[in-house]
Amino acid sequence: MWEELERRLKGVRATNADQKFAQLEAAGKRTHSLRWTPYWIPCHVVAKHCFQYEYLFPILNVCIGFANVLVFPAKVYEYRGGAYLIAYLFWIIMVGYPLVYLELIIGQYHRCSPIVFLRRCAPIFRGLGWMTVVSSLLILYNVQYSVARALKFVVALTRTRSNSMPWARCDNPWNTKYCYQFFSEECENLKEAHIMYQGQCVKDSELDPMMIVSAEKQYVENMIHSAGGSLMSFVNFDWGIFYAILLVWLSIAFVNNRGSFKGNFLVYIPAIAIFLICPFLLIRSLRLDGAGSGIREMFKIDWPQLLYSKIWIDALSNVIVSLGIGAGGHTVIASFAPYRKHTFTVATLAVFVDTMFSVIIAGTLFSTLGYIKFETGLNSVFDIPFLPDGF
């Protein structure tokens, strides 16, 4: 195969190419199995990242994920603002950025996956390469299940036939007699805050909180999580989740079949969609009343928090998961980059964009919490019960 590619090169004689491969074979290297690509082979001959954006967007797709959208804002809230930001930025500079750059240059220079790289450099550690594959698969199953549930939620929204959302009412088949709803036209004219419970407007303080369940919670538990108690439970098979997971895996197979090269526009859709939607949500939330107070509390530093090791451990784990360090994705993608590509620039942009995206999501959350604080009259955004139990 390589001989045919060499003969297609302009300005390079086939005899010279044959001599180069003969030298490699004489040195004991297997040219038919190694993914070795000389720097002088142009991009139109071998499928490679010919342009900088073709190299950057797949790296961003590996980095940006649930750790940016869910974990980072929740940890900022848990550690009361700026203290966690300091710990996170410290680990980004000291650990995250160097390791991302290291993985990229390893893939760019050795032109192979982590399994092959570790087998060549240190055969005794070849199991670490397989560990990256196994750990990535285990994480992928969990993530795709979450994506499937979100997809099922979006499909349920498109099927609603009423003016209000299906989770805002208690007259649905999945609701129980303990359901209550916040917003009701019958309770709007009352001076004090009331909720609708069993067809009557009552004060929430008059009810036992252990005996009532919100309509939103019942919708999530009975519709979105309507399957059995575990992934291996076949008592109540959820066909909606099954079709959603099937659609997600077919999408992954289609994208991987096309590859991350020029002409595969699907590689650019996730990153571009995120960069268009999230800044819009931030701008919209900043226009709410009280949003400024939430942003100020987000950047307010609680210095005693930095004295505890837990905040540093959580920040380090979030950095590793957020940047996709150790999963092998950076090494595999960088193996398609030509030798002369500026990997340092790609690593810098990837880490910077990933960090800014996390801050944008956290800013959207805290500006919304500031609006809730303004409407409810609470003293701080941290008085709002935001995190679930056991987070």
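Heads up, the Cβ atoms here are built off N, Cα and C, so glycines get one too.
Annotation comment: TrEMBL describes N68, S322 as Na(+) binding site. Residues or ranges marked as disulfide bond in TrEMBL: C170-C179. If you look up TrEMBL, you'll see 55-77, 83-102, 123-143, 239-256, 265-283, 315-337, 349-372 marked as transmembrane segment.
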Please report the number of other Cβ atoms within 10 Å of the Cβ of C170 (disulfide bond).
20
Which of 83-102, 123-143, 349-372 contacts the transmembrane segment (55-77) most, counting Cβ pairs under 8 Å:
349-372
Among the ranges 83-102, 239-256, 265-283, 315-337, 349-372, the one whose Cβ pairs under 8 Å to the transmembrane segment (123-143) are most numerous:
315-337
What does DSSP say about C179 (disulfide bond): helix, strand or coil?
strand
Spatial separation of C179 (disulfide bond) from S322 (Na(+) binding site) - C-alpha basis, Å:
38
Please work out which recorded stretch in 239-256, 265-283, 315-337 has the most C-beta pairs separated by under 8 angstroms from the transmembrane segment (83-102)?
315-337
Grab the same-chain neighbours of the transmembrane segment (265-283) for me: Cβ-Cβ under 8 Å, and only residues 6 or more beyond its ends, written as numbers and ranges.
53-54, 57-58, 60-61, 64, 254-255, 258, 357, 360-361, 363-364, 367
The transmembrane segment (315-337): which same-chain residues, six or more beyond its ends, come within Cβ distance under 8 Å?
35, 47-49, 55, 58-59, 62-63, 65, 67-68, 71-72, 75, 84, 87-88, 90-92, 95-96, 99-100, 103-108, 110-114, 117, 129, 132-133, 135-136, 139, 260-261, 343, 346, 350-351, 354, 358
Roughly how many angstrom lie between the C-alpha atoms of N68 (Na(+) binding site) and C179 (disulfide bond)?
33
Starting from the Cβ of N68 (Na(+) binding site), draw a 10 Å sphere and report how many other Cβ atoms land inside it.
25
